[in-house]
Amino acid sequence: MGEERQEGGRTVREYELVARDAEVEVAPGVFYPAWTFDGQVPGPTLRAREGDRVRVTFKNEGTHPHTIHFHGIHAANMDGTFEIVGPGQEYVYEFDAEPFGMHLYHCHTTPLRKHIEKGLYGVFIIDPKEGRPPADEMVMVMNGFDTNFDAENEVYTVNGVAFHYQRHPVEIKKGELVRVYLANFTEFDLINSMHIHANFFDYYPTGTRLEPTEYTDTKMLAQGERGIMEFAYGRAGSFMFHAHVNEFAELGWLGFFKVEE
Amino acid sequence: MQNVERAAPGSRGPGWVLLGLVPLLGLGVLLAFIVLNGAGVTRDDLPPVEDLTVERVALPTEYEMVVSVTNGGPDPVTVSQVNVNDALTGFRVESGNTIPSLGSTEIKVPYTWVEGEAYAITLITNTGTTFDAEVPLAALTPGFSGETFWRYALIGFYVGVVPVALGLLWFPFLRRLGTSGINFVLALTVGLLVFLVVDTLLEAGEVATQLPGAFSGIPLVILVSLLTLLGLLGTERLFRRGREEASRLSTSYRIALGIGLHNLGEGLAIGAAFALGETALGTFLVVGFTLHNITEGVGIAAPILREKPRLAHFAWLALLGGGPAILGTWIGGFAHSNLLSTLFLAVGAGAILQVIYEVTRILLKDSARTKAPALSGTNLGGLTAGIAIMYATALLVSV
């Protein structure tokens with residue numbers, strides 16, 4: 001939740017994000033020369049409560065100019081579209097956390113697609129004032145990597161490494177509410193999707209309302225689209241989750257929930 | 001240095017040997033320095049050069065694909081993922097995932113493929129670079145067994161030995177021809193050989209382009225052909241045995257050898273295509289090859305139409321001209337190697353060039369003797385007929 005402090009009777013959350021070039025492992029044994037926030041793809045998840053003041057100090061330690069463009073409601077010069085931050089420079093973004101929901105941040109320097117496909121993106125969650133019911137929460141960012149630079153993804157992942165949750169299943173407890181903050185940052189392909197096995201979930205598009213709009217087991221998201229999934233498993237065992245775009249599933253976007261008693 | 005200059009030219013003492021070693025010593029020092037300190041021109045900001053070449057994809061069982069690769073680049077290449085038809089699959093490399101420079105290995109991919117379907121295979125290295133391979137038509141790759149051994153031998157027999165032997169059966173007919181008739185046949189032989197040398201060189205060039213860049217495939221073809229030609233020209237005098245000219249029979253043998261090497265190349269292509277399921281080699285193709293290669297028998301017989309060789313010679317000539325096709329199908333089917341194929345084809349092209357020279361010389365001598373122009377209607381007609389027959393029958397045998 002960043003550095004929390006009180007200024008003039010309101011909560012201010014301070015974050016620091018550093019853009020830097022880094023080699024990241026995107027599939028077992030396959031390394032990709034990424035542009036990252038804090039050395040990881042996706043970048044760190046930022047979180048605030050509705051109405052908080054958010055202050056993000058952005059340092060560019062990379063080799064190319066970058067910005068941070070937040071999805072949210074804010075002033076023009078806090079939008080990260082015109083104030084390009086060159087290598088070695090820094091910029092402070094400050095705005096009120098609104099509206100509540102599940103949002104994104106990413107670089108908005110041109111060429112835009114290049115700056116996003118290289119890995120400069122992350123999730124920005126604004127909790128509603130009254131909060132959400134307690135749950136086992138997790139962020140899942142769907143993405144892909146074009147490792148041979150032919151404008152097509154060679155691997156697809158959730159949270160950055162192909163088949164990671166197949167080799168390291170996500171452990172959850174039987175009967176406990178699970179909340180997945182799901183975002184689609186896939187480039188080149190127009191859509192991506194999420195399907196969970198042997199279960200259904202409540203879906204809150206963009207997380208901006210407290211009532212679910214859908215009860216389903218498969219959700220398709222366009223580029224930049226995101227939402228919140230809520231579900232609980234009533235039985236112990238291993239359950240698969242994956243993109244129902246089957247090609248993506250077999251190219252890395254596939255994992256398991258390990259439900260324990 | 002003063003001493004060296006004073007030494008009389010021609011004196012070759014122990015010091016002379018040392019002089020020969022000086023450049024090598026300098027080279028050693030330079031190499032040691034570069035290995036230890038670098039050459040000062042290295043760039044660390046560039047990724048390694050990766051150059052994998054897929055030699056072949058075999059399907060030895062219904063549930064496995066085997067990709068043979070060669071690393072033709074200067075740096076080791078590590079294969080980290082294998083993608084078959086847009087799905088990452090497990091794989092095994094017994095010698096380890098890293099292939100050293102100029103090393104070769106087999107990547108075994110467990111995969112239950114469907115007969116008759118096409119597969120695209122992508123090898124992904126640790127840097128994310130990709131190398132593609134394909135299975136145009138999935139079919140079981142015949143393994144080595146007594147049965148397949150004989151089946152390949154039979155293919156080679158049909159394609160090589162049978163047509164050449166049949167062509168040689170024209171000998172009694174052709175020897176009753178007059179001088180101009182025989183010249184026509186000799187010119188036809190030159191035409192046939194010209195077709196074969198073009199065909200062999202192009203085939204060699206095609207295979208050579210599939211070699212890793214480091215092997216310099218196209219220069220290899222040209223140089224090996226040239227060396228073969230020069231080597232055979234140089235050894236021709238050995239066959240003369242003191243006479244002014246090589247015996248006509250030995251010319252026939254050399255034509256048979258050149259044609260044999262060409263048929264070896266044909267066998268290689270047929271064997272490889274058959275093994276990889278790219279051709280069914282049906283009746284039509286076998287008949288096509290017989291028609292195509294029957295002219296080769298005529299070519300082998302042409303120089304000896306005025307002589308009376310023993311019958312055994314014809315058997316040997318048929319075997320030398322056609323037999324290598326059997327060898328070719330075995331190599332192509334069981335141990336296909338693009339490098340080996342390139343070399344065989346290049347040697348074949350050189351050998352054919354040499355017999356073109358030899359047969360042309362027979363024609364030229366004859367025209368000098370009879371004071372007829374070398375490019376007479378008969379000779380030009382024969383040459384054209386040879387090329388035309390080969391071209392027309394080649395339409396039947398595109399593998």
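Placement of Cβ uses the backbone N, Cα and C atoms for every residue, glycine included.
Remember, TrEMBL labels are computer predictions, not curated facts.
Positions annotated as transmembrane segment by TrEMBL: B:16-36 (among others).
Here TrEMBL flags B:149-171 (among others) as transmembrane segment.
Feature annotation from TrEMBL assigns transmembrane segment to B:183-202 (among others). Within the chain, the transmembrane segment (B:183-202) has long-range Cβ neighbours (under 8 A, six or more residues past its boundaries) at 174, 177, 221, 225, 255, 258-259, 261-262, 265, 295-296, 298-299, 302-303, 305, 345, 348-349, 352-353, 355-356, 359-360, 362-363, 366, 376, 378-391, 394.
Long-range contacts of the transmembrane segment (B:214-234) within its own chain (CB-CB distance under 8 A, at least 6 residues past either end) are made by residues 51, 72-73, 102, 201, 204-205, 207-208, 254, 339, 342-343, 345-347, 349-351, 353-354, 357. If you look up TrEMBL, you'll see B:214-234 (among others) marked as transmembrane segment.
Among the features that TrEMBL reports, transmembrane segment is placed at B:255-276 (among others). Residues 56-58, 135, 139, 141-142, 152, 155-156, 159-160, 164, 189, 193, 196, 199-200, 203-204, 289, 293, 296, 299-300, 302-303, 317, 320-334, 336, 341, 344-345, 347-348, 351-352, 354-355, 358-359, 399 of the same chain lie 6+ residues outside the transmembrane segment (B:255-276) yet bring a C-beta within less than 8 angstroms of a C-beta in it.
Marked as transmembrane segment by TrEMBL: B:282-302 (among others).
If you look up TrEMBL, you'll see B:314-333 (among others) marked as transmembrane segment. Only residues 6 or more beyond the boundaries of the transmembrane segment (B:314-333), in the same chain, are considered here, and those with a CB under 8 A from a CB of the stretch are 142, 148-149, 152-153, 155-157, 159-165, 168, 171, 252-253, 255-257, 259-261, 263-275, 293, 296-297, 300-301, 340-341, 344.
The transmembrane segment annotation in TrEMBL covers B:339-357 (among others).
Feature annotation from TrEMBL assigns transmembrane segment to B:378-397 (among others). Outside the transmembrane segment (B:378-397) by six or more residues, the chain places 180, 183-196, 199, 284-285, 287-289, 291-292, 295, 299, 363, 367 with a CB less than 8 A from a CB of the stretch.
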